[in-house]
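Inspection log for the structure reproduced underneath, given as structure tokens.
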Amino acid sequence: MDKTLSRNEAKELMQLLGLDMTCWGNLPLMRTKYLSKCKEFHPDKGGNEEKMKKLNSLYLKLQECVSTVHQLNEEEDEVWSSSQIPTYGTPDWDYWWSQFNSYWEEELRCNEEMPKSPGETPTKRTREDDEEPQCSQATPPKKKKDNATDASLSFPKELEEFVSQAVFSNRTLTAFVIHTTKEKAETLYKKLLSKFKCNFASRHSYYNTALVFILTPFRHRVSAVNNFCKGYCTISFLFCKGVNNAYGLYSRMTRDPFTLCEENIPGGLKENDFKAEDLYGEFKDQLNWKALSEFALELGIDDVYLLLGLYLQLSIKVEECEKCNSNEDATHNRLHMEHQKNALLFSDSKSQKNVCQQAIDVVIAKRRVDSLNMSREDLLARRFEKILDKMDKTIKGEQDVLLYMAGVAWYLGLNGKIDELVYRYLKVIVENVPKKRYWVFKGPINSGKTTVAAALLDLCGGKALNINIPADRLNFELGVAIDQFTVVFEDVKGQVGDNKLLPSGNGMSNLDNLRDYLDGSVKVNLEKKHLNKRSQIFPPGIVTMNEYLVPATLAPRFHKTVLFTPKRHLKESLDKTPELMVKRVLQSGMCILLMLIWCRPVSDFHPCIQAKVVYWKELLDKYIGLTEFADMQMNVTNGCNILEKHNA
């Protein structure tokens, strides 16, 4: 301890710790007091910042000096350990005492001469005295540390590629390497063999240090092995690492600068001794993120929680699944068989939401790539294919066919040329010509404009937007349209026209400020929370509104205005056929597509879906003829139940 701090520094440190100088050298007590004083002097706790800085500097200096002195003592061959002190009074003790004091006498030797008494005359200095250089007061240069000293400061760099670099990990392993002093390595080699019943253990020297390598029959955390070794290395340095490549590490430690000292199996380890199950236990299946992404892509799911719920349903056994047993959905049966094993692993995963979010990102990325590489006509044809597949699952028998054809009859009662209107709208959104991209559905309340707009939105795919919100919130509302095929600005409010009972709103004013969005001539910036801005042509679509005034600057952006008028018989027939509203038949894209199949020739459809269109035309002819459909139209006109059959 006398070689650590100066006398004044030691006194100052003990005063700051609140200890008497008699406690100097009691490191555990000083450590306890140091932690206590840190809380007392800390500035955040109302302490003295200057005292805190001084205490830290002195205590850290003490720790460094103690470590340095310990290392120097280990390097000195002539230092006696306490167990080697001979018995007092024997010749061996006398020799030991003389050797012990010779070191201190050399250290305490002083070359200065005592001043002479005043009566003595000074002697004449010789030439040799004059030429003797004066003693320098500068600090002597520190001895350059060799590799043996440096080896104890860090883990060998030669082995870093074979070990785990994780600092805080709960991972369990069967291979470990311990780096410490040579003396402690001998002790730990025996203790570790006994404690962990090691399958293999070896000890290797590395300059003035040593390493112990062990293979255990059971898996352990690195912290468990490290804590066990700490019990034998209270002062000596210690590095404990988990090993990722056991044979690679052992092979490297048999070559320079390492030296094999001993091992419990003669001949050591061979490369063919190792298999994955030998080192890491039985192989465990891991969750396949790619399979989950493929599942989301096939179903077109872009909702995290919907994907999470659907995939969890696949974790049950196929034999116990009600959907599979009912054979209602062939696609579900196939997906359940393909993904049941992976879904079971997914149910045990602790990062379910993160995995689902990545799968959703894959779906969005695929959709964005398709929007760049495919024409709008091909995108719409693919959308129709999905709706036709959905029709195969939903419309299964005569009752379902009649229900959806009742919806077709209602639409033809709304507008006798509704099929021509829909066909022209589809042509407009596919061509997407600037300033000819938006239609306006205008009419009083309960005139059917929102029903038609919702069905067209479901047919083509897209999102409905609320434009009546304050202008400062529009950016995130418009961001919903990113990568969408169409949009609907629903129930836009504006300045009151002839109907004074309507409430006014700022929807028209907001649309007037979005002329670039409606024109489609230039790309606009769309943004969502937690996502970067996306530049794209804003999607075409529909604007629904009551009898509001359209600003003169906004009217040229609308390609066509479709006027709707309330019809009493439509409302009455709908009230008497509640199934259409309960099952949302009129708002479904399937109903509009069935209407096109019923009314339009096959040649009007894209070639890739014409075969399915022919199939559905034949199916409709099988379940409903022209006479029965005419009866449905008559029921709509009379305000009766559309599904009511007439007596012959």
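Cβ atoms are placed via backbone N, Cα and C, with glycine included.
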Stated Swiss-Prot location of motif 'Nuclear localization signal', expressed as one of 124-131, 140-147: 140-147
Stretch carrying motif 'LXCXE motif' according to Swiss-Prot (options 38-42, 108-112, 483-487): 108-112
For Thr450 (ATP binding site), the three-state class that DSSP assigns: helix
Neighbour-count leader, CB within 10 A, binding-site residues: Gly443, Pro444, Gly448: Gly448
Sparsest Cβ surroundings (other CB atoms within 10 Å) among the binding-site residues Asn446, Ser447: Asn446
Mean predicted confidence [pLDDT] for the DNA-binding region (156-271): 91
Sparsest-packed of the listed binding-site residues (Lys449, Thr450) - C-beta count within 10 angstroms: Thr450
Proximal but sequence-remote residues of the same chain as Ile445 (ATP binding site) (Cβ under 8 Å, at least 6 apart): Asn546, Pro566
Cβ within 8 Å of the mean position of the Cβ atoms of Gly443, Pro444, Ile445, Asn446, Ser447, Gly448, Lys449, Thr450: remaining residues of the chain near ATP: Asn546, Phe564, Pro566
